[in-house]
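K.L.:
Questions regarding the structure given below will be posed in turn.
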Amino acid sequence: MKPAHTFSLIFSLLFVINPCYSATLPLAIRRELTWGQVNILHTTDIHGWLAGHARDKRYSGDLGDFASFVQHMKHLAKQKDVDLLLVDTGDLHDGTGLSDLTDPPGSWTDSLLANMDYDILVAGNHELYLSTVANDTYHNFIPLWEGRYLAANIDIYDEHVSSFVPFGDRYAIFSTPHNVKILAFGFVNSFSGATDTVRVLPVSQFSLQPWWNDMVSNKDIDLILIPAHVPVHNASELDIVLSELRIHFPTTPIQVLGGHSHIRDYAIYDEKAVGIESGRYCETVGWVSINGIPSFKSLVKLSGISSLMGVESYLAERLRFIGESIRRSSQQIFSSLQSAKSASVSFSRSYIDWNPEGFMFHSKTKKSSFNTSLGEFISNGIYEARKALGLLTPIGCSPKKFAFSEVPFNDSNSIYHLFQSELFPKIVVNESRHHIPHYIIVNSGGIRGGLNSGAFGLDEVFQVCPFKSNIFYVLKDVPWSITKYLPQALQHSGYLIAEDTLQINTPQVSDAKFEDFYEHSIRKTYGYTTHDDLGDDGDDTAHLTTPHYEPLRFICSQVGFDDSFSGDDKQVVDVVAPSFVIPRLDDILNKIADKPLYSPDDWELYFTRPDGKHSMTDLLPLYADLYWDHDCLYK
């Protein structure tokens with residue numbers, strides 16, 4: 001199933017990569033995409049990053065650049081006489097000021113995304129945490145897609161009918177221009193923490209639902225798409241769905257399009273079922289192609305050689321190349337084509353770095369012709385929205401780069417270390433109880449990105465920590481006989497996954513040196529070097545492997561444990577945490593005590609400010625204002 005790739009070298013402008021690495025790249029080395037009968041561009045876990053990564057050339061494209069790319073690729077697909085679909089698999093919200101500063105959060109970014117020509121979309125868990133976001137998505141965003149926004153296991157309370165109703169369509173059946181009949185069936189991962197107006201239904205109960213029986217009764221399906229907000233590996237929900245579908249569609253090709261764990265990944269389930277996951281934060285565009293679908297029909301009349309890529313065109317070209325094909329009759333050629341149509345299905349995948357240079361390379365366009373009117377409209381809309389939200393105005397000056405995962409958790413250059421050693425002890429302060437030794441505990445998934453050196457604004461603040469609803473509570477006077485075991489117990493308690501923790505977001509990297517891909521003398525940027533079930537050749541751009549260190553599961557600041565603290569078991573300490581972590585902490589403390597001592601009702605508000613700036617998101621600008629120079633604001 002592993003496709004043969006055509007390798008290509010192209011020259012690009014010299015640019016400086018992320019300042020963490022201080023390296024330059026004189027040449028961008030890119031792999032060509034493999035086209036098939038059905039091709040899919042895939043996005044996932046965008047999290048509001050529609051403006052792209054302006055300070056990182058590897059992922060510098062905005063949504064407007066992507067829109068232009070999609071339009072050019074659709075034109076290219078038409079030239080090649082093949083199908084091209086566009087699919088997104090959820091988590092459009094929570095992650096940037098552009099997304100999170102509007103009321104309701106994500107309403108402006110949803111309006112911009114509505115300009116995209118998506119064929120299928122599904123919800124992620126971040127569409128479902130807040131009732132305002134869920135209701136806005138249900139009432140104003142989902143109807144725009146006319147039955148192509150899928151939510152097999154999500155119900156929402158509709159106040160107009162006073163009952164729970166499907167959040168989106170359970171499934172969709174449609175045919176492509178080339179006569180491929182597709183069943184698309186999408187769902188979200190099982191998670192806790194959804195707003196009270198939303199119900200996430202167990203995937204294990206799908207086969208008991210009336211709509212499931214209606215869906216699987218369609219036997220003339222040529223291709224099954226499973227766009228789902230789940231990882232493509234080690235997801236029990238996906239295992240259940242694949243097993244159930246294979247009962248009814250034992251030989252139908254299945255393409256899974258996953259998400260949630262923020263990595264590039266590809267999985268092979270059986271000889272006709274595969275899955276791709278396409279990263280996060282507008283860093284990656286996934287690409288899959290599928291060949292060997294018998295129902296596929298060329299839109300160009302067969303004349304010895306038809307379309308540029310399909311099975312018919314490939315076989316016709318081979319017949320022309322081989323001498324004996326010249327002597328074959330048209331009937332023999334037709335027979336050969338029919339035989340090819342019954343051959344086994346094949347798949348390929350690529351991971352495209354989200355930048356204009358790569359988009360131009362793959363769409364065979366130039367800078368002068370790349371931007372489309374739609375792309376420029378969206379880019380202008382992003383700029384105006386950022387301007388209106390105050391995102392273009394710097395509010396602080398970072399003295400250096402604080403890395404997210406490129407350095408160890410406790411390194412002084414780590415964003416986690418900054419929060420643990422500086423922000424929590426110095427900003428999260430309750431004057432009436434600050435003298436009492438206390439822990440400040442946050443799940444590390446509450447930190448979602450690093451911070452570059454120099455000026456930063458509200459957009460960067462939300463990129464580091466977008467959880468505006470995370471405010472701090474205290475559990476008072478907990479005996480040291482219990483709390484002395486708490487730091488160790490936290491790290492052995494498992495990941496707190498409901499808030500989409502990023503401990504599972506590691507790119508699956510390899511030490512492959514790509515000797516067969518480029519000359520050793522050519523320099524590369526740091527970036528994704530993905531190893532998946534198809535090997536090491538999926539990344540469209542050759543990179544050096546980015547250093548990656550897993551964070552601890554929880555950030556735990558110990559404050560006030562000075563020489564006066566004796567460590568006697570009868571001493572008491574306070575435990576401070578945001579509301580999201582409280583149920584986990586209660587569970588851990590009760591297990592240490594071996595009895596049910598604590599519940600959420602025992603926690604009291606700890607850190608408040610008259611100006612309302614007391615959430616996790618507010619800590620960074622508050623700290624910067626007090627402890628960092630402001631010189632960059634006046635340059």
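Backbone N, Cα and C atoms are what each Cβ position is placed from, and that goes for glycine too.
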K.L.:
Say Swiss-Prot lists D45, H47 as binding Zn(2+) 1: which of D83, D88, D91 is in the same site, per that record?
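P.N.:
When Swiss-Prot describes the Zn(2+) 1 site, the candidate it includes is D91.
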K.L.:
Looking at the Zn(2+) 2 binding annotation from Swiss-Prot, with D91, H260 already listed, which candidate in N125, N218, N234, N291 is the matching residue?
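P.N.:
My reading of Swiss-Prot gives N125 as the candidate in that site.
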K.L.:
In DSSP terms, helix, strand or coil for H47 (Zn(2+) 1 binding site)?
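P.N.:
Going by the DSSP assignment, H47 (Zn(2+) 1 binding site) belongs to neither helix nor strand, so it counts as coil.
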K.L.:
Cα within 10 Å of D91 (Zn(2+) 1 binding site): which of the recorded positions N125, H126, H260, F467 qualify?
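P.N.:
The recorded positions passing the 10 Å Cα test are N125, H126, H260.
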K.L.:
Between D45, D91, which of the binding-site residues has the fewest other CB atoms within 10 angstroms in the structure shown?
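P.N.:
Comparing Cβ neighbour counts within 10 Å for the binding-site residues D45, D91 gives D91.
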K.L.:
Fill in the CA-CA distance, N125 (Zn(2+) 2 binding site) to D45 (Zn(2+) 1 binding site), as an integer in Å.
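P.N.:
The Cα atom of N125 (Zn(2+) 2 binding site) is 10 Å away from the Cα atom of D45 (Zn(2+) 1 binding site).
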K.L.:
Using C-alpha atoms, which one of the recorded positions H126, H260, F467 comes nearest to D45 (Zn(2+) 1 binding site)?
P.N.:
H260
K.L.:
Within 10 Å of the Cβ of F467 (substrate binding site), how many other Cβ atoms are there?
P.N.:
21
